[in-house]
Amino acid sequence: MALPYLEAVLCFMILNYIFETYLNIRQHRALKLPTLPKSLAGVISDEKFEKARAYSLDKSNFNFVREAITIVFDITILYYKVLPWVWKKSGELATNVGLNAENEIIHTLAFLAVVMVWSQITDLPFSLYSTFVIEARHGFNKQTIWLFIRDMIKGIFLSIVLAPPIVAAIIIIVQIGGPYLAIYLWGFMFALALLMMTIYPIMIAPLFNKFTPLPEGSLREKIEKLADSLKFPLKKLFVVDGSTRSSHSNAYMYGFFKNKRIVLYDTLIQQCTNDNEVVSVLAHELGHWKLNHTTYSFVAVQLLTFMQFGGYTLVRNSKDLFESFGFDDQPVIIGLIIFMHTIIPVQHVLSFCLNLVSRAFEFQADAFAKNLGYAPELRGALVKLQEENLSAMNTDPWYSAYHYSHPPLVERLSALEDLDSKKEK
């Protein structure tokens with residue numbers, strides 16, 4: 001007797017939706033609170049609080065609708081065996097245009113093309129509403145409809161260019177992998193991750209944004225001095241025109257070994273009133289590098305990836321598993337899709353654990369910046385970025401523990417104050 005794999009997956013999907021909806025309701029109630037948390041009273045202006053409250057509630061209401069529609073779509077697709085139907089029709093489509101659908105790589109690419117078109121169609125209304133209604137209503141959206149469409153076309157083009165060789169390689173590896181399949185798959189994905197980390201900032205990101213060297217001046221001198229004091233191998237320092245799409249701000253680092261680069265969003269420079277606040281944000285980011293957080297995170301992701309591939313090798317030949325989802329044959333890509341559905345419970349637990357680690361890293365990076373003497377500037381920058389980004393001021397502890405990879409502002413400021421108290425003692 002075949003095990004009810006599909007029914008088990010659907011059951012968990014529904015239970016998970018109920019649980020996450022409960023958390024969303026808790027968070028929605030927290031967002032509706034009419035007053036600031038006590039520790040932020042007098043720190044955040046009432047005007048900014050009301051704006052942040054309205055923005056967060058708009059996003060929360062939108063999220064309820066989006067999640068409800070998404071779960072209905074997902075359950076319908078699985079329960080009514082839509083995937084097997086799409087797999088069959090994509091093979092017929094490939095044959096009708098003169099391609100050999102018996103070739104699994106060609107059949108898979110035709111299947112993924114159909115899935116991509118469907119995803120674009122179903123995601124487009126949500127993306128348009130989020131960008132041109134919610135983000136625009138609260139003053140964040142800077143995109144024109146033409147820029148939005150152009151970015152979407154570029155994204156599709158990149159998928160068309162990058163997906164075929166990656167998909168073909170995965171299928172070939174699975175077909176010839178034998179008992180060492182998990183190692184081969186992990187090795188390929190590891191090499192691919194390194195390749196993408198190398199070419200993305202150099203070849204792909206510039207397709208969407210303009211990167212220019214940070215001009216000579218006080219800010220550049222302070223950043224270079226900080227990097228030099230920490231022996232951070234800073235090669236280049238860029239400003240990216242994030243303001244062409246959004247008023248949200250950010251900063252990040254990338255690169256290997258002695259070829260590191262720092263990228264500042266122009267909105268970050270605009271929102272921080274003095275150079276030291278920008279430098280304090282980078283001191284936090286450099287703390288992640290100095291404390292090896294990036295390395296630890298990368299290693300953790302690689303271990304989890306290897307474990308997932310190990311699990312996939314155990315079930316990829318399970319005929320009952322494929323039949324439960326409505327498939328008579330066992331294509332590689334379908335096996336990966338089914339496997340990812342069957343390990344959803346494990347993924348949620350691992351995601352929660354990774355968030356806990358990430359939050360601990362954020363506290364450590366804040367402490368690192370404070371030890372460099374940037375505590376006042378970091379506090380000011382955190383408050384300012386919270387205000388300018390209209391981030392949620394009131395958060396439900398259960399919701400934030402489950403979803404947030406970064407601690408809420410209240411917790412970060414409290415941790416910095418605790419460090420002050422310990423230092424005084």
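In case you wondered, yes, glycine gets a Cβ from its N, Cα and C as well.
What TrEMBL lists as transmembrane segment is 6-25 (among others). Remote same-chain residues near the transmembrane segment (6-25) are listed as 60, 63-64, 67, 71, 74-75, 78-79, 324-326, 341-342, 344-345, 348, 396, 398-399, 402-403 (criterion: CB distance under 8 Å, separation of at least six residues from the stretch ends).
Look at TrEMBL and you will find 27-210 tagged as domain 'CAAX prenyl protease 1 N-terminal'.
Sequence-distant contacts of the transmembrane segment (155-177), counting only residues of its own chain at least 6 positions beyond either end whose CB sits under 8 Å from a CB of the stretch, comprise 104-105, 108-109, 112, 116, 120, 184-185, 188, 192, 204, 207, 313, 316, 332-333, 335-336. Annotated transmembrane segment per TrEMBL: 155-177 (among others), in sequence order.
Residues or ranges marked as transmembrane segment by TrEMBL: 183-208 (among others). Among residues of the same chain six or more beyond the transmembrane segment (183-208), those with a C-beta under 8 A of the stretch's C-beta atoms are 151, 154, 158, 166, 169-170, 173-174, 177, 240, 254-256, 261, 263, 302, 305-306, 309, 312.
Cβ-based neighbour count (10 Å, all protein chains) for Glu362 (Zn(2+) binding site) stands at 21. Taken from TrEMBL, the feature Zn(2+) binding site covers His284, His288, Glu362.
The active site annotation in TrEMBL covers Glu285. Of all Cβ atoms in the shown protein chains, 19 besides its own fall within 10 Å of the Cβ of Glu285 (active site).
Taken from TrEMBL, the feature transmembrane segment applies to 294-312 (among others).
Sequence annotations record features per position, and here TrEMBL assigns transmembrane segment to 332-357 (among others).
Of all Cβ atoms in the shown protein chains, 25 besides its own fall within 10 Å of the Cβ of Asp366 (active site, proton donor). According to TrEMBL, the active site, proton donor annotation covers Asp366.
On the backbone, the CA of Glu362 (Zn(2+) binding site) and the CA of Glu285 (active site) stand 9 Å apart. Remark: His284 (Zn(2+) binding site) has Ala365, Asp366, Phe368, Ala369, Leu378 as non-local neighbours, by Cβ distance under 8 Å and separation of at least 6 in sequence.
Each residue in Glu285, Gly287, His293, Phe361, Gln364, Ala365, Asp366, Phe368, Ala369 lies on the same chain as His284, His288, Glu362 and has a C-beta within 8 Å of the C-beta centroid of that Zn(2+) site, without being one of the site residues. The average pLDDT for the domain 'CAAX prenyl protease 1 N-terminal' (27-210) in the predicted structure is 92.
Long-range Cβ proximity for His288 (Zn(2+) binding site), meaning a same-chain Cβ under 8 A and a gap of 6 or more residues, is found for Thr294, Phe361, Ala365.
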